[in-house]
Amino acid sequence: MRTLWIVAVCLIGVEGSLLEFGKMILEETGKLAIPSYSSYGCYCGWGGKGTPKDATDRCCFVHDCCYGNLPDCNPKSDRYKYKRVNGAIVCEKGTSCENRICECDKAAAICFRQNLNTYSKKYMLYPDFLCKGELRC
């Protein structure tokens, strides 16, 4: 399922906050969100279940939980704006949903940077069937 989503994103482009999130990831880590984080471990990419494979995957787990706390928002499509001030990500004022989505994405991008040393290519394109259990935030 995740692979299908990745192909769809590549074919139709990325809209909404996914575009901003990808930009944040690149700025913080020097890595392109696709393919580096689009299907990494059990939580990076669409959906998630099981135990995070490493600290990088845990960043995605926390990010999924953050989005889960925004039931009235559309994190994949609602656009927000941010800027950098002295190298730091600053979410610009928007709607309540835009602000909260931006803060979730900001935390994940920073988490990825802080855990670059745990990033392992063996978890890129990680198969879903190896991830067992439910998401428990």
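The count begins at 1 with the first shown residue.
Using N, Cα and C of the backbone, Cβ positions are placed for all residues, glycine too.
Residues or ranges marked as active site by Swiss-Prot on the basis of similarity to another entry: HIS63 (among others). Cβ contacts within 10 Å of HIS63 (active site), excluding its own Cβ and spanning all protein chains shown: 23.
Annotation source Swiss-Prot lists active site at ASP105 (among others), citing similarity to another entry. The Cβ of ASP105 (active site) has 26 neighbouring Cβ atoms from other residues within 10 Å, across all protein chains displayed. Taken residue by residue with DSSP, ASP105 (active site) is part of a helix.
According to Swiss-Prot, the feature Ca(2+) binding site maps to TYR43, GLY45, GLY47, ASP64, an assignment based on similarity to another entry. In the three-state DSSP assignment, the secondary structure recorded for GLY45 (Ca(2+) binding site) is coil.
What Swiss-Prot lists as disulfide bond is CYS42-CYS131 (among others), and the listing cites similarity to another entry. The Cβ of CYS42 (disulfide bond) lies under 8 Å from the Cβ of GLY48, LYS49, GLY50, THR51, PRO52, LYS53, ASP57, PHE61, TYR126, ASP128, LEU130, CYS131, each of these being in the same chain and 6 or more residues away along the sequence.
Taken from Swiss-Prot, the feature disulfide bond covers CYS44-CYS60 (among others), and the record attributes it to similarity to another entry. Listed in sequence order, TYR37, SER38, THR56, ASP57, CYS59, CYS60 are the same-chain residues at least 6 apart in sequence whose CB falls under 8 Å from the CB of CYS44 (disulfide bond).
The number of other CB atoms found within 10 A of the CB of CYS59 (disulfide bond), across every protein chain shown, is 26. The disulfide bond annotation in Swiss-Prot covers CYS59-CYS111 (among others) and rests on similarity to another entry.
For CYS65-CYS137 (among others), the entry in Swiss-Prot reads disulfide bond. Here the Cβ of CYS137 (disulfide bond) has 10 other Cβ atoms within 10 Å, regardless of which shown protein chain they belong to.
Residues or ranges marked as disulfide bond in Swiss-Prot (evidence: similarity to another entry): CYS66-CYS104 (among others).
CYS97 (disulfide bond) falls within a helix when secondary structure is assigned with DSSP. In sequence order, LEU70, ASP72, CYS73, ASN74, ASP78 are the residues near CYS97 (disulfide bond), counting only same-chain partners six or more apart with C-beta under 8 A. Swiss-Prot lists CYS73-CYS97 (among others) with the feature disulfide bond, giving similarity to another entry as the kind of evidence.
Around CYS91 (disulfide bond), the same-chain residues six or more apart in sequence whose CB sits under 8 Å from its CB are TYR80, LYS81, TYR82, ASN99, CYS102, GLU103, LYS106, listed in sequence order. Reduced to three states, the DSSP call for CYS91 (disulfide bond) is strand. Among the features that Swiss-Prot reports, disulfide bond is placed at CYS91-CYS102 (among others).
Taken from Swiss-Prot, the feature signal peptide covers 1-16, and the record attributes it to similarity to another entry.
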Legend entry - Among CYS60, CYS102, CYS111, the one of these disulfide-bonded residues whose Cβ has the fewest neighbouring Cβ atoms within 10 Å: CYS111
Inset, instruction - Would you mind sorting out which of TYR43, GLY47, CYS104, ASP105 (the recorded positions) have a C-alpha within 10 A of the one on HIS63 (active site)? - result: TYR43, CYS104, ASP105
Inset, instruction - Run through the Cβ atoms and count how many others sit within 10 Å of the one on CYS73 (disulfide bond). - result: 19
Inset, instruction - Could you say which of the disulfide-bonded residues CYS65, CYS66, CYS104, CYS131 has its Cβ with the most other Cβ atoms inside 10 Å? - result: CYS104
